[in-house]
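S.K.: The structure is given below, and queries will be raised subsequently.
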Amino acid sequence: MQSFFTQWISRWIFSTNHKDIGTLYLIFGAFSGVLGGCMSMLIRMELAQPSNHLLLGNHQIYNVLITAHAFLMIFFMVMPVMIGGFGNWLVPIMIGSPDMAFPRLNNISFWLLPPSLCLLLMSALVEVGVGTGWTVYPPLSSIQSHSGGAVDLAIFSLHISGASSILGAVNFISTILNMRSPGQSMYRIPLFVWSILVTAFLLLLAVPVLAGAITMLLTDRNFNTSFFDASGGGDPILYQHLFWFFGHPEVYILILPGFGMISHIVSTFSRKPVFGYIGMVYAMVSIGVLGFIVWAHHMYTVGLDVDTRAYFTAATMIIAVPTGIKIFSWIATIWEGSIHLKTPMLFAIGFIFLFTIGGLTGIVLANSGLDISLHDTYYVVAHFHYVLSMGAVFAIFAGFYYWFGKITGLQYPETLGQIHFWSTFIGVNLTFMPMHFLGLAGMPRRIPDYPDAYAGWNLIASYGSYIALFSTLFFFYIVFVSLTSNNPCTNFPWEFNKSKTYGVSTLEWIVTSPPAYHTFEEMPLIYETKSN
């Protein structure tokens, strides 16, 4: 018994194996996603009808729920699953490396997250919680308005989570730049690896700015400085500039790994190489660069000069160009392909469709004149949930079904996966499509009560969220069924046409399912073959 326990501790607590750490990230992300999902359910139940009922008129609690929902979903669900989970599992295998460059750094990157999560949950439970929204703007987050320790706990939580992200980013950058197998140039690495590389650079540059901003907020609250306190000569708008200089690259950090995953899936299920590989790479890099010079489009209403607003409007619209290149390249990949509509492909097509809608509403919001009336309405909520709740999350589901057999060695039941896709698709669209109409009608964000005129669309949105909830529960049932069924997965489960053998484009389909504890006993040699 003792030896089993020590083995378990050394394997899972002191792990230096990229696959085990990736598994830990996936489990952690699923747990946090459930917590965040419960909070969104509470929000939608409160908003199902006008007037106060579920939260008994306690508007502070409502804002605490919204803040915690955002932090959980962004920092503890999407980032750990995409970068930590899929990134750790797949990047070393795809580049033919035995492990990450710094395996123990990888371990601490993960183990910083559970304490960070605990601090975040504590911040919601002490005093009156953090009712500031995820942006934590002063003066609402100042010591006068949030006098308890809740905001300080949230700040510490973000510090630790940010440290985890930076360490992980350093690890990915050095792994991808230094540990590729012989014959694998940068222009031969898979698009998912490129997406993780760009994401890691974004993290490395953006997160320290957030750390600086929240550290100044911490000293404003506790040590009598006045960085953001106008009465002491500070400027609360400075905080907004610092926060959004991090916050805008952050949304690209959330979606870029998804772009990489979708490229692989669309290519596999269309039986074609990705259309315009080099263009895809340059598009991702340009999105990463442009993401840093558009931050003030979140701040059109704070009184920026008109020429400043004109610049940020133009720059924001330019980002649509590389994004459009990616979308049209995916469509060109599907075009004339031999399409197989398995669950990962359904989620990928859903991703392309819904992400495009989210991108179009983003173009609308880029206009500073229009944004004055749409700012802080449900139109903005609809926009970023189309990009995140149907972009990032659909990419996660697509990647999960695509690589599930490879990671576990067991294949999921296809019919159940398709039911999960359709129920999720209907649920999220029913939830977020009405929010566009509410926003155009002027319903403000972060307010738990609303005039009766908005009741109809809100009820529909709440019903949609209940459908999405049940489809998520169904997803966990699928995972349970898959893991308990004895349905082994072949090395390459997506071989549909047995008579003609296709080459596989990436290394993970060459190794066994699941891969050995040490994937490569010797370095693979990568070279190009001419296709007939």
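The backbone N, Cα and C atoms fix where each Cβ goes, and this holds for glycine too.
Remember, predicted model here, so these are calculated numbers, not experimental data.
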S.K.: Which single residue out of His248, His340, His383 does Swiss-Prot record at the Cu cation site shared with His297, His298?
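M.R.: According to Swiss-Prot, the candidate sharing the Cu cation site with His297, His298 is His248.
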S.K.: Measuring Cα to Cα, how many Å separate His383 (heme a3 binding site) from Asp376 (Mg(2+) binding site)?
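M.R.: His383 (heme a3 binding site) and Asp376 (Mg(2+) binding site) have their Cα atoms 11 Å apart.
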S.K.: What same-chain residues lie close to the transmembrane segment (421-441): Cβ under 8 Å, and 6 or more beyond its ends?
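M.R.: Those are 44, 343, 346-347, 350, 354, 361, 374, 377-382, 385-386, 389-390, 394, 397, 453-454, 457-458, 460-472, 474-475, in sequence order.
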S.K.: Between the transmembrane segment (71-91) and the transmembrane segment (191-211), do 3 or more CB pairs sit under 8 angstroms, pairs being 6 or more residues apart?
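M.R.: In contact, yes.
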S.K.: Around His375 (Mg(2+) binding site), which of the listed binding-site residues (His69, His248, Tyr252, His298, His385) come within 10 Å, judging by Cα atoms?
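M.R.: Of everything listed, what lies within 10 Å of His375 (Mg(2+) binding site) (Cα to Cα) is His298.
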S.K.: I'd like the Cβ neighbour count for His248 (Cu cation binding site), meaning other Cβ atoms within 10 Å of its Cβ, all protein chains included.
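M.R.: If we count other Cβ atoms within 10 Å of His248 (Cu cation binding site), we arrive at 23.
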S.K.: Using the Cβ center of His248, His297, His298 as the Cu cation site position, which other residues in that chain lie within 8 Å, going by their Cβ?
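M.R.: Once His248, His297, His298 are set aside, the remaining close residues are Trp244, Gly247, Val294, Trp295, Ala296, Met299, Phe312, Thr316.
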S.K.: Using a 10 Å radius around its CB, how many other CB atoms surround Tyr252 (O2 binding site)?
M.R.: 21
S.K.: For His385 (Fe(II)-heme a binding site), what is the tally of other C-beta atoms lying within 10 angstroms of its C-beta?
M.R.: 20
